[in-house]
Amino acid sequence: MNSLLEVSGVSVSFDGFKAINNLSFAIRSAELRAIIGPNGAGKTTFMDIVTGKTKPDEGRIIWGDLSRSLLGMSEAKIAQAGIGRKFQKPTVFEDQTVEENLVMALKSKRSPFAALFYKRSPGDMRRVEELAGEINLADQLYRKAGELSHGQKQWLEIGMLLAQDPQLLLVDEPAAGMTPAEREHTTALLVEAAKTCAVVVVEHDMEFVRRLNCRVTVLHEGSVLAEGSLDHITANQEVIDVYLGR
Amino acid sequence: MQKSFVMRNPSTLVFLGALAMFTILVTVLAEGSGAGLISTSFVKTLGKTLCLALIAVAMDLVWGYTGILSLGHFAFFGLGGYMIGMWLMYERTRGIVEASLAEAKIPPTAQEVTDAIGNQIFGVVGSSEFPIIWSVADSLALQLALVVLVPGALAAAFGWLAFRSRVTGVYLSILTQAMTLALALYLFQNDSGLRGNNGLSGLQNLPGLDHVAQSTVSIWFFWASAFALALGYLFAAWMVSGKFGSVIRGIRDNEARVRFLGYPVETYKLFLFTVTAMIAGIAGALYYPQAGIINPAEVAPIASIYLAVWVAIGGRGRLYGAVIGAAFVSLVSSWFTGGQVPDVNLGFYTVKWVDWWLIVLGLSFVAVTLFAPKGIGGLFDLWSEHRSPNRHGADLGPSAGSLQEKEAVE
């Protein structure tokens, strides 16, 4: 196995409710993967576990070339290790400019002293401009993030993830609330990102998943129900019963 | 290309200019150094106000910028005052004791002098032994170091415990109140080693400088306070201007997001809490020699709540707002409670401002919070045509009932 992230036998329960039940999942580097499943299937909890927000009751999470265990690491340490996360609601720092948002996300030392004495280097600023170009916000650099439209905020957040220079991106419903044109650009962004790092997309919209054109994992009641190409999945009777058919 | 610090923060330059003008004006008009139009006691009031403005800047860093509503920063202010007060009281008592023992036929030994000082200082709490915490009270340098180290150490220990357990919001505020209350109760005890509820007194008299008039000393402290405020303001403006400022404002607005960007949020909070406690300690060390006395009531929980009220009324999230709030409210407060405001006779009832001031303050706090969340500092926006986006209450997400935009605070 040559996987970047390997989750095996993970379970977690909240007040007796098994949100994740013996889940196993693996992804290689530079792979694009979509996760679908009905509400309450454990998609967001899965992301919470990988990013360190929720501690699993049992199971192993092995990360990277060095096969480090992510269990017991803080959220900040996991993020520094190269896992970026995009929330379902666009969460950018609304009070600050697009530029400030991106500069904050740029890969750099994260300690308070490093931040206090940080100087914007020409290299960093070139990277910020480059990213702003990719996310269609090049001419909005000095606007406050709070003034952006919903779709632009989603892009800004994706831009912030890319600025972190991650090895794995966890993206929760990136296309929600976007216009068709915006969706198309988002698809292109994710497909482009997946050329250099692993990308996991949680999405409800089957049309969007089809356009991503990648392997699909179906979650149901906290464990993997099926995995394969979208055509393979849509032909699976079990998947139709619990998810697609409804 | 990055613009220079001053270019990015024109308000800092304006503030420092205004502070310098104010300092010169007071010096020219003061009793001890100029025309004599401002009495010594009022110079002291103004000097103390500058110290309060300094702790308000610290409070703004911790609350207005980072979103930690600490209701315990006056504990650090008081500790700073106690640390400098110990040296002032020890050295001054030594001067008095040595003068009186000099008339004895046999020259006193060092031990006799120390015992006599102990008797003088602790007689009031029925003791004459020096507690261990006074062991370096004869060294100005060490006590000055303790002015920042003791508040810093308390803040670091408290913050480490609280932030590590992810205590946030109102729970953290309550914990900080408990901290300052516990400190006050401890200091009230006679065996705390700091003279119980008598506190430390006579702090306005500088040891060895008895020949200098109070009118001159008051000007010295006024300058020192203005200088400390200028430095503190510059330091704070520098901290919030760069990436560090971005991160702490990010922590205020969305802590989880900052964490997932890889920033150790708890370390940032601890760092900021400790640094602001040290600033508070310095402010206290300059305040109490001007006040002349410090006692445990100074670190009572209400003091820290006042601090939050000043910053809220002045406008949190902007440094000059904190200064304006602290100066304005504390001066108006001492005017009302000083008995100088004429009573209002309504016929059936006479409004005595000494009693009613707290109610006026409370109502204005509520009014500012409801109708002008930016405080007095927000008035400057009208002038500079600087607006934040008005999307209050708009849905952020795709579906109804998703996260609502928080009030966009400048």
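In case you wondered, yes, glycine gets a Cβ from its N, Cα and C as well.
Just so you know, TrEMBL annotations are computer predictions that nobody has curated.
If you look up TrEMBL, you'll see B:46-64, B:71-90, B:140-163, B:170-188, B:219-240, B:267-287, B:293-312, B:319-336, B:356-383 marked as transmembrane segment.
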Stretch-level contact, the transmembrane segment (B:46-64) and the transmembrane segment (B:293-312), CB cutoff 8 A, at least 3 pairs:
yes
List, by number or range, the same-chain residues at least 6 past the transmembrane segment (B:219-240) whose CB is under 8 A from its CB atoms?
5, 9, 12, 15-16, 19-20, 22-23, 26-27, 30, 32-33, 43-44, 46-48, 50-51, 53-54, 57-58, 60-61, 65, 248-249, 279, 282-283, 286-287, 289-290, 319, 323
Applying the under-8 angstroms CB criterion, which one of B:71-90, B:293-312, B:319-336, B:356-383 scores highest with the transmembrane segment (B:170-188)?
B:293-312
Let me spell it out: take the transmembrane segment (B:293-312), skip the flanking residues so only those 6+ beyond its ends count, and list any with a Cβ under 8 Å from a Cβ in it.
52, 55-56, 59-60, 63-64, 69-75, 77-79, 81-82, 85, 176-177, 180-181, 183-185, 187-188, 196-203, 321-322, 325-326, 329-330, 361, 365, 368-369, 375
